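Here's what TrEMBL has on this protein:
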type     : residues  : note
TRANSMEM : A:6-27    : transmembrane segment
TRANSMEM : A:59-80   : transmembrane segment
TRANSMEM : A:92-115  : transmembrane segment
TRANSMEM : A:135-158 : transmembrane segment
TRANSMEM : A:188-207 : transmembrane segment
TRANSMEM : A:227-248 : transmembrane segment
TRANSMEM : A:255-280 : transmembrane segment
């Protein structure tokens, strides 16, 4: 029983880290209807800048992290100007394809600037084991969960309590109606991509701390995709709940099903879980049901 | 008008002469060059390993050209091609480069996947393949793949060295009975490579082998290591690749698993396996087929003839790393093979594909020669025969002290009595499948 609980809690905490990456996708899709393929590249980009500024330039993380945030705002501005603005009113698939371009451009730029060697990104989050009886929890996971919880609360407060938050919600509800009352879409997009940049910075710190900063970090996107499928593309709570279900589901499957069917199943089993839920709710657990008049 | 025409004709004649002389000179220069295509991965997900290797490989070639003026006056013309560690790009690089500048005679694919893809092509083209520790372990059985060389060791041989070390630490093979050894591996053909050897030892010496596959790329491994912790293993063999290695070390350490009882395979032995794991990697061990660090005379030569002349291939931060040292010795084996090819045919002339292959088939680099090369202790000695394309297959155990790798054993001989029959059986099965007639080595 204790082992089951350890696997379950470990899975839930892993799911929180998946949800963190999924959050960035949700924020941009919710506000602009764009599935931002480049979100994982933004995580790598942010991590490379933080790791590079600290390891190569000798800046403290207290300086490297805010500087990276500023750079992410700059990236958001450039993306809006160079990619999104000329594509207004294009089909969603065209915008999606353009984010594939952004994905490779961001990785390429970061690699040209910092090189491809791996770096550490240790901002001081302890990784000591914590024992509850025979059950082991990792302090790194618990602190990460607390960081993600704080981020989600911050995002919800921003969305509900600030003027810009209301603007974002208005745009998310209906672009054209929002524009008709004077909301500037280009500003909203810069703000949304900047917030996604903030999420990428946090994800970069957490994932970079766990993996080290190296190009393969973009693969964390494959952990976020089943979370998105399950939670829906438009719901922040959906991303969190789906992250927990996927994390726990894949961990339990690996331990209890893995030995029967060969092990190493966690990478694809997450998608099986997501697809099983989608049969029941195609729009995801918390996604908006799309009803269109013909 | 007449004068102008004459002038034009004279000028054209002069230009033609200059052009002809230039062409002859270029041809002569080309004739004195040995072409070496270098398949590298300086970009992509595995770049942290690829950059160091590519730098070491290129720097050794620069050293030979700068210090010695080439091999008996034959300069080496190195040309890199970026594969990004992708099989399709590796094949494209090979096809694009193989006939350039007088033709490639040897290729180091630097990837197991690319090696598999290139084996039939290089066989058809008569080009030698140097697959240093990666690729098909059974290529060590020479009669089947007579153009592929597993110098200086294979996954299987190096695993016997790991087991030998574990047995020694436990006070003898007989003390392995009842022990638990975990093999945590990249869930792919690569990760499964040592399973045959490990299963043999488990059966023979009575320990329990726990096989724990990790799905690539291995960014999340809590579940695996939660299970390993429950097993309370005496030793762990880690066969990861790329990000899987530091994540495994870090996750294991954070669960209280003693990483000094964790021994990485030859591709879990690089700096990118430990550095991203930070303090958690301190004490982690790995098997490798060359000495660690930069304390070898070759580095003084490199400093004088390459680094100080601003001719180094990279930024310099890879010097002394495992990947860089591997690049150095791989280039070292290739250069020595060409030197021996010239001795067997004609000194001062670039070697043909046939001459290069013939030299590899009897490549002999004794320990004394590794010392002459400034690589004593760095480069293991090699002796190749028609039958054995691996040679002595020696490897050593190193340990990460938090800053650098420390050598904890000398080079050790593998259990060839165990692995060679396995190479033979596997290679013969491959030959049957591919319709290859093994050549006779009598």
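Cβ coordinates are placed from backbone N, Cα and C, and glycine is handled just like the others.
Taking Cβ pairs closer than 8 Å, the transmembrane segment (A:59-80) reaches residues 42, 45-46, 49-50, 53, 102, 106, 123-124, 186, 189-194, 196-198, 200-201, 204-205 in its own chain, all 6 or more past its ends. Proximity of distant same-chain residues to the transmembrane segment (A:6-27), defined by a Cβ-Cβ separation under 8 Å and at least 6 residues beyond the stretch ends, is recorded for 35-36, 39-40, 42-43, 135-138, 141-142, 144-145, 148, 151-152, 155, 192, 195-196, 199-200, 202-203, 206-207, 210, 220-221, 223-224, 226-228, 231, 233-236, 238-240, 242-252, 255. Long-range Cβ contacts of the transmembrane segment (A:188-207) within its own chain (Cβ-Cβ under 8 Å, at least 6 residues beyond either end) map to 17, 20-21, 23-24, 27-28, 31-32, 36, 39, 42-47, 50, 65, 68-69, 72-73, 75-77, 79-80, 84, 121, 123, 125, 144, 147-148, 151, 155, 158, 164, 167-168, 171, 178, 213, 217, 220.
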